[in-house]
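Peer 1: The structure that follows is given in the form of structure tokens.
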């Protein structure tokens with residue numbers, strides 16, 4: 001295999017990915033959309049989702065245009081890369097939004113068709129739901145890789161080369177990181193807004209409907225039921241998609257930037273280092289498509305068989321990528337191909353371990369969740385203490401896995417030489433790319449979850465037969481498992497991506513200093529080192545980025561604290577938005593008694609609007625925090641402070657995210673375990689306690705936890721984009 | 001003032017401190033101990049407390065002897081300082097235990113006398129309780145300073161000087177850190193064990209007595225009531241005392257070690273730098289005694305006046321220390337006295353800000369706690385979400401205060417030159433000493449809390465009149481406020497002390513390398529630097545301790561995770577120990593119906609025993625984690641890994657501790673606020689929800705949160721003591 005051939009894997013992946021996404025979408029639309037009643041309910045959900053999207057995108061448009069203008073103005077003063085910054089920033093936001101839009105359009109249309117298919121067979125319903133999920137998965141990866149590729153091709157053709165040797169590709173790749181800023185900001189709005197939306201609707205629907213009025217889940221008489229179903233799409237489809245779109249683009253961009261920087265003295269190897277992550281990603285898309293076709297099942301399959309079928313698809317893709325990437329890296333003729341392959345493997349294995357650990361921590365089949373369920377007999381307080389304790393302890397394995405994975409990736413890529421920071425950190429970015437190479441199919445199984453969930457809602461609201469409900473329940477329950485692993489995967493990949501972004505930061509600093517006409521680093525010892533050949537260690541020494549520098553330590557404290565304060569803000573936001581929802585549902589029941597009798601349809605739209613507005617209003621403060629803290633730290637504490645902030649924020653944010661997600665997942669499944677008849681079953685004292693645990697866990701696992709994924713990445717990328725300002729004007 | 005005179009402030013402080021502790025103790029014993037009934041109840045509590053202490057000290061004795069033997073054996077192979085390590089280690093444990101023992105003896109005897117005094121006047125009761133608290137405060141500081149002083153004098157006389165210039169004092173002071181290891185391990189057992197004990201008893205007493213049987217707090221029919229009262233002493237007196245004894249010794253030892261290292265080339269300044277923290281500490285003891293005499297009140301004083309009286313004592317001490325320390329530092333003739341004074345001020349101010357922020361976050365007088373109380377109307381789930389969110393957001397101010405305080409202390413001490421790491425870090429340690437200089441009186445107001453609480457319990461159990469109960473309630477309520485500020489103070493000082501200890505670590509590494517016969521650092525660039533004159537920056541570069549080194553980053557992740565896992569373990573431990581207590585209380589009520597009718601006394605001793613055994617058993621796993629993680633990290637990841645681990649653990653552990661303490665405090669006071677008649681008052685729906693919040697908050701604020709203070713310090717000191725092993729045998 002020659003290196004030119006390898007390059008073509010990337011565009012091939014993009015084209016094939018988009019092609020199959022279109023095919024799966026067309027296939028889905030051709031399916032039977034069910035009875036008129038089913039379509040009416042589905043229409044409510046779809047309109048609600050689109051209302052949310054329209055509202056959010058309208059706000060986003062103004063934010064992006066405002067920031068784009070700001071960046072344009074700043075570009076006159078700061079940075080070579082800032083000339084392209086506004087366009088890249090807007091493109092990042094726009095394509096992330098497009099991916100989210102396609103995903104939501106598909107999911108809302110697919111759920112009613114899944115429900116319709118479930119009237120006839122389980123296998124058919126699985127097929128509709130999963131392939132529709134694959135639309136989202138493939139669109140995200142194809143658009144992500146396609147954009148990175150397009151930027152590189154465009155810039156190679158049109159961007160002026162600089163005098164610096166090898167500077168062309170370094171400049172091009174680091175400039176490309178601005179694309180990540182757009183994707184990241186859009187992800188913040190989608191994840192935080194979506195998280196607030198979905199939990200406000202869920203808590204509101206449950207507290208009044210289930211608890212106060214005693215009507216079942218997904219009952220059409222509940223005014224918040226449509227908002228609740230919309231929330232699944234808004235949070236788990238659009239939010240998760242934007243989150244992983246950002247990780248995907250971020251890891252690719254960081255890998256290209258670090259690769260270009262590591263081999264800046266050797267143009268041939270440099271090009272290969274930039275191509276390698278793109279080729280691995282392209283390969284991943286192609287083999288994800290293969291995996292999607294493996295997921296099938298026959299009628300009467302048990303829950304276990306369904307899960308096995310899904311797992312088989314993902315596992316086959318992963319193993320094929322493992323094997324093929326070895327060939328690809330060899331064919332590329334890059335230095336140390338086995339070492340880089342080791343990095344790919346580290347990433348893939350870390351992703352699998354984190355996913356499994358999440359499943360262990362949250363599945364009712366294992367002791368942690370069962371112990372939480374057992375404590376429910378002692379009441380709400382013991383349930384909560386047990387869940388919080390279990391969540392904290394559950395951080396051990398995922399964090400160790402990422403720590404070991406990072407270290408292994410670094411060591412493999414650097415030939416076990418810890419001094420080779422450049423190449424080693426490139427290896428860490430490659431590990432992130434490796435982990436995300438299966439994203440096409442893992443995201444398919446994530447997006448499948450809310451589709452199955454909504455299909456169940458549709459079946460319930462249309463009062464179809466119990467055997468239909470049993471089929472959608474089986475699909476839904478499977479979706480809960482994939483959602484748990486998906487969450488672990490999202491957290492793990494966010495951590496690796498953020499690490500790679502932090503590593504890229506210093507390359508951007510170097511470029512900014514070159515732009516300012518600085519040519520040497522003047523070291524404390526009096527030695528001067530030429531900027532263009534200065535190693536990362538030299539930069540670290542120059543900026544005094546050691547763990548005894550009080551600036552670094554103080555900034556680390558602030559980073560840790562930011563993760564907690566950000567989580568607290570999103571938790572409080574859910575509380576406030578849910579209160580508004582509770583008031584509205586109570587009002588409708590009070591003012592129109594016909595609703596509860598089933599005589600007339602409740603006003604679904606007003607609940608959708610309350611969740612939408614609440615989400616928009618409440619996401620402003622956390623968004624500002626995430627953007628302003630790195631800018632302020634950079635302005636006051638300088639480069640050393642920024643790196644301290646980002647590391648502290650990442651270390652704490654990552655562990656906190658695992659804790660919140662796993663505690664929430666454990667409570668959720670402990671409740672389900674009790675409902676299955678354990679510890680007294682439904683409506684027992686233990687059940688009431690478990691419901692309280694689940695309600696507390698909702699904002700943990702669906703709002704605060706996932707939002708932290710965005711925080712750690714967004715802070716890094718804001719720091720990168722703001723380098724021009726912070727390097728020029730920092731106080732210290 | 002000449003520098004010799006200044007030195008004598010330290011022994012003077014020790015002597016005066018011990019003298020007044022003895023005087024206050026004698027005074028307290030002379031007070032009326034109340035009726036025979038009161039004395040019987042007081043005797044139960046006292047015997048229970050002593051039973052716990054005896055049991056814990058028995059286990060501690062074996063642990064210490066075992067580890068002492070291990071260190072003796074290791075000392076043949078590793079390290080100059082390890083010759084004295086076993087003795088210092090044992091002394092650290094023994095004196096911490098002694099301070100705890102004296103505190104408990106005083107507190108248990110004082111509470112019954114406070115109750116007796118409350119029969120006559122509020123002012124008299126306050127005087128007994130507060131001066132008895134001062135016994136604990138003064139014993140802790142006098143023993144702490146006395147031990148550090150004794151070691152320095154002993155070692156200067158008997159320890160062989162090394163060939164290295166200035167090596168004598170460097171060796172002596174870094175060796176002294178082993179004393180901190182003993183104090184730290186004892187603190188771990190006291191804090192974790194005490195925290196588990198007190199909450200198991202509290203939760204057990206509340207869940208069965210208050211919730212199931214509907215009998216009031218502190219009712220003598222409740223079998224767990226004595227254990228609950230013992231728990232206040234075990235957790236808040238002995239645990240808090242051991243925690244702050246460790247911080248006090250740790251900050252002094254770190255300051256002397258960093259001072260000796262910073263001026264290792266100038267023996268005159270070196271001696272002054274070692275004397276300075278001791279003199280400031282001695283001054284602090286003298287002026288704390290002055291402050292104790294200022295705390296008085298007249299009969300009929302309102303809650304506000306009581307608080308004002310306590311605050312006046314602390315504030316007068318603080319201001320006097322501020323003024324006098326300027327004179328002392330000038331008199332000492334140290335370089336840059338104003339800069340070091342700035343560091344003292346930074347520490348003192350940080351302590352005050354953290355205390356105030358804690359009060360704001362947890363007092364029912366401010367909006368955060370009131371918002372939690374308001375959410376109680378929505379039920380348990382919204383109360384919990386609100387408290388968790390508020391706790392997370394409350395980390396902002398304390399963490400910022402410590403970050404800014406650290407930075408200011410560094411900058412002042414180093415003459416605003418960030419490159420002067422040595423002197424700057426000495427400044428950070430001086431800030432910790434400055435913050436803790438008021439410890440004599442702040443700890444008095446902490447220890448006062450449980451005395452007043454127990455006095456209230458005694459009054460309730462002996463069924464004295466309502467006007468007596470009103471007086472003890474006023475004292476108790478004041479104690480809750482001082483406890484909140486005390487917790488903030490303990491966390492803030494732990495963070496600063498841990499920072500100073502991390503900074504000392506590298507000096508110990510230097511000594512260990514010298515001992516191994518290494519004489520130069522061979523830098524990557526080929527330059528060699530003599531070990532004895534290598535700067536901290538040189539060490540950082542040699543060991544590659546930068547934030548882009550994957551070893552450092554992986555270790556930071558592990559440090560963050562350790563803080564969470566450790567907290568999870570202690571939370572779960574409380575859950576298990578409380579379950580055993582619940583079973584026992586239920587058993588007694590069931591098997592002996594006479595108890596509930598008030599016909600016969602319940603078996604208090606068996607409940608005391610259950611809490612004692614539970615605490616002993618449950619503290620083993622967290623203790624092992626705290627000791628093994630730094631050792632394993634050192635062995636596998638080396639010096640860079642250790643520093644990464646400690647920084648990550650500190651950044652996350654500190655913020656997590658603030659979160660846990662403040663969330664717990666907010667729930668506690670939200671419950672009290674509801675009980676005062678807001679949101680429906682006692683026995684309303686909101687009250688039930690608030691009680692659940694309070695129960696969840698108990699292990700937050702009294703077990704997991706405070707235990708983290710110990711974790712961050714203990715991990716640092718274990719790393720320091722284990723340097724001989726980890727530098728010699730690390731894998732990376």
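Here the Cβ of each residue, glycine as well, is placed from N, Cα and C on the backbone.
Quick paste from TrEMBL:
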{"type": "TRANSMEM", "residues": "B:6-25", "note": "transmembrane segment"}
{"type": "TRANSMEM", "residues": "B:59-78", "note": "transmembrane segment"}
{"type": "TRANSMEM", "residues": "B:84-104", "note": "transmembrane segment"}
{"type": "TRANSMEM", "residues": "B:128-154", "note": "transmembrane segment"}
{"type": "TRANSMEM", "residues": "B:166-189", "note": "transmembrane segment"}
{"type": "TRANSMEM", "residues": "B:245-263", "note": "transmembrane segment"}
{"type": "TRANSMEM", "residues": "B:275-295", "note": "transmembrane segment"}
{"type": "TRANSMEM", "residues": "B:396-416", "note": "transmembrane segment"}
{"type": "TRANSMEM", "residues": "B:423-444", "note": "transmembrane segment"}
{"type": "SITE", "residues": "B:483", "note": "site 'Determinant of potassium dependence'"}
{"type": "TRANSMEM", "residues": "B:547-566", "note": "transmembrane segment"}
{"type": "TRANSMEM", "residues": "B:623-646", "note": "transmembrane segment"}
{"type": "TRANSMEM", "residues": "B:710-731", "note": "transmembrane segment"}
Peer 1: If you draw a 10 Å sphere around the Cβ of residue B:483 (site 'Determinant of potassium dependence'), how many other Cβ atoms fall inside it, taking every protein chain shown into account?
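Peer 2: Neighbour count, Cβ to Cβ under the 10 Å cut-off: 25.
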Peer 1: So what's near the transmembrane segment (B:423-444) in sequence-distant terms, Cβ-Cβ under 8 Å and 6+ beyond its ends?
Peer 2: 17, 130-131, 133-134, 136-138, 140-141, 240-241, 244, 247-248, 250-252, 254-255, 258-259, 262, 273, 276-277, 280-281, 283-285, 288-289, 291-292, 313-314, 317-318, 321, 325, 336, 339-340, 342-348, 350-351, 405-406, 409-415, 417, 485-486, 489, 492-493, 496-497, 499-500, 503-504, 536
Peer 1: Between the stretches B:6-25, B:245-263, B:547-566, which one has more Cβ pairs under 8 Å with the transmembrane segment (B:128-154) than any other?
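Peer 2: Between the candidates B:6-25, B:245-263, B:547-566, the best contact partner of the transmembrane segment (B:128-154) is B:6-25.
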Peer 1: Does the chain bring the transmembrane segment (B:6-25) near the transmembrane segment (B:275-295), so that three or more CB pairs sit under 8 Å (pairs 6 or more apart in sequence)?
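Peer 2: As far as Cβ distances go (cut-off 8 Å, pairs 6 or more apart), the transmembrane segment (B:6-25) and the transmembrane segment (B:275-295) touch.
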Peer 1: Taking the transmembrane segment (B:84-104) as the first stretch and the transmembrane segment (B:245-263) as the second, find out whether 3 or more Cβ pairs fall under 8 Å, excluding pairs closer than 6 in sequence.
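Peer 2: Contact between the transmembrane segment (B:84-104) and the transmembrane segment (B:245-263): present.
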Peer 1: Please give the sequence-distant neighbours of the transmembrane segment (B:166-189): residues at least 6 beyond its ends with Cβ less than 8 Å from one of its Cβ atoms.
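Peer 2: Hits for the transmembrane segment (B:166-189): 56, 59-60, 63-64, 67, 80-81, 84-85, 88-97, 100, 147-148, 151-152, 155-156, 159, 242-243, 245-246, 249-250, 253-254, 256-257, 259-261, 263-267, 270-271, 274, 501, 504, 507-508, 511, 514, 532, 619, 622-623, 626-627, 707, 710-711, 713-714, 717-718, 720-721.
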